[in-house]
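The block underneath contains the structure these notes are about, expressed in structure tokens.
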Amino acid sequence: MTQIFNFSAGPAMLPVEVLRRAEQELCNWNGLGTSVMEISHRSKEFMQVAAESEQNLRDLLKIPSNYKVLFCHGGARAQFAAVPLNLLGERSTADYIDGGYWAHSAVNEAEKYCTPNVIDVKTRVDGLRGVKPMREWQLSDDAAFVHYCPNETIDGIAIEEEPDFGDKIVVADYSSSILSRRIDVSRYGVIYAGAQKNIGPAGLTLVIVRDDLLGKARRELPSILDYQILADNDSMFNTPPTFAWYLSGMVFKWLKEHGGLAEMEKRNQEKADLLYSAIDGNDFYRNDVAVANRSRMNVPFLLADAALDKVFLEESVAAGLHALKGHRVVGGMRASIYNAMPLEGVKALTEFMADFARRHG
């Protein structure tokens, strides 16, 4: 059987070692004779899973002790509502940095609860799409917080700078780049991330929130989205997505065993460099993102002749390269190369691309 490399933007590829271990444990987890999916989330066995998962995540990201880690439902879209309702307090506005599709989606949700100050940071650099540097972001004085998305999966645009806005509360949607590189958590008030891209299976959402931001929720906020309630109940205010939590915990262990975030950052840069070199070195392919803002996680590219898109996708699947179709908003192709994607997968893709260009160029 041809080895399959899954380039899906999410739900995305998981480490093979993690999947194999989960397969082995599926029907008899921890010697209990039952699946981890079947045990109570309040059992001592699962409480140990939860505690180990949180500690490993804290170790990986070096999360300071004055931050809570929440394991939630609802995906990042739920956080689009949770963030303003937890953080606005008596204020009526917040700064929303619009750098792409998902950042703008957060704006659309926030408009239900406040008057967002939308700061469009999209720009053109020598005809290529990019994002203005943070020093040019015109933040307002009365905003309750600053919200931005460091990595846009659809646009393939990344903001690699870390925020330095003094005492402003910074909120970041790290759904597609969490754990891909080292970050300074202390620069943020809230970090949230859907698990299905670079952590584990769909159904789990991580929220990292600074302690002083708890307890400020508006009265109309649903309890299940209230950071204070979730923190007080150790993320078990209701039944959490236990299997997704368990698998994500296994991924945290895998990351630590493979050198942590410093090693992931190195590997991800190597994979991205290889793929962008293949695109830039062949007139048959094109990426229209400025080099400074190119994503290391999601690499969109266009063929010289869009009429060949269907053929490219058919042949790539036959070659074991799956889920390369670009998002409907931008078209073309997109290769998502998260932590679990091995270098061998990217090499296989670039070799296929070179061969396809020779045959169809």
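From the backbone N, Cα and C atoms, a Cβ is placed for every residue, glycine too.
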Which of these, Thr93, Thr115, Thr153, does Swiss-Prot say binds pyridoxal 5'-phosphate at the same site as Ala76, Arg77, Trp102, Asp173, Gln196, Asn238, Thr239?
Thr153
Please report the distance from the Cα of Lys197 (N6-(pyridoxal phosphate)lysine) to the Cα of Asp173 (pyridoxal 5'-phosphate binding site), rounded to the nearest angstrom.
12
What does the structure give for the C-alpha distance between Gln196 (pyridoxal 5'-phosphate binding site) and Arg42 (L-glutamate binding site)? Integer Å is fine.
24
Indicate the candidate from Arg42, Arg77, Lys197 with the smallest number of other Cβ atoms within 10 Å of its Cβ, considering only these recorded positions.
Arg42
Residue, out of the binding-site residues Thr153, Asn238, Thr239, whose Cβ gathers the largest set of other Cβ atoms within 10 Å:
Thr153
Round to a whole number and give the Cα-to-Cα distance in Å for the pair Thr239 (pyridoxal 5'-phosphate binding site) and Arg42 (L-glutamate binding site).
9
Measure from the Cβ of Gln196 (pyridoxal 5'-phosphate binding site) and count the other Cβ atoms within 10 Å, all protein chains considered.
24
When DSSP is mapped onto helix/strand/coil, what comes out for Asp173 (pyridoxal 5'-phosphate binding site)?
strand
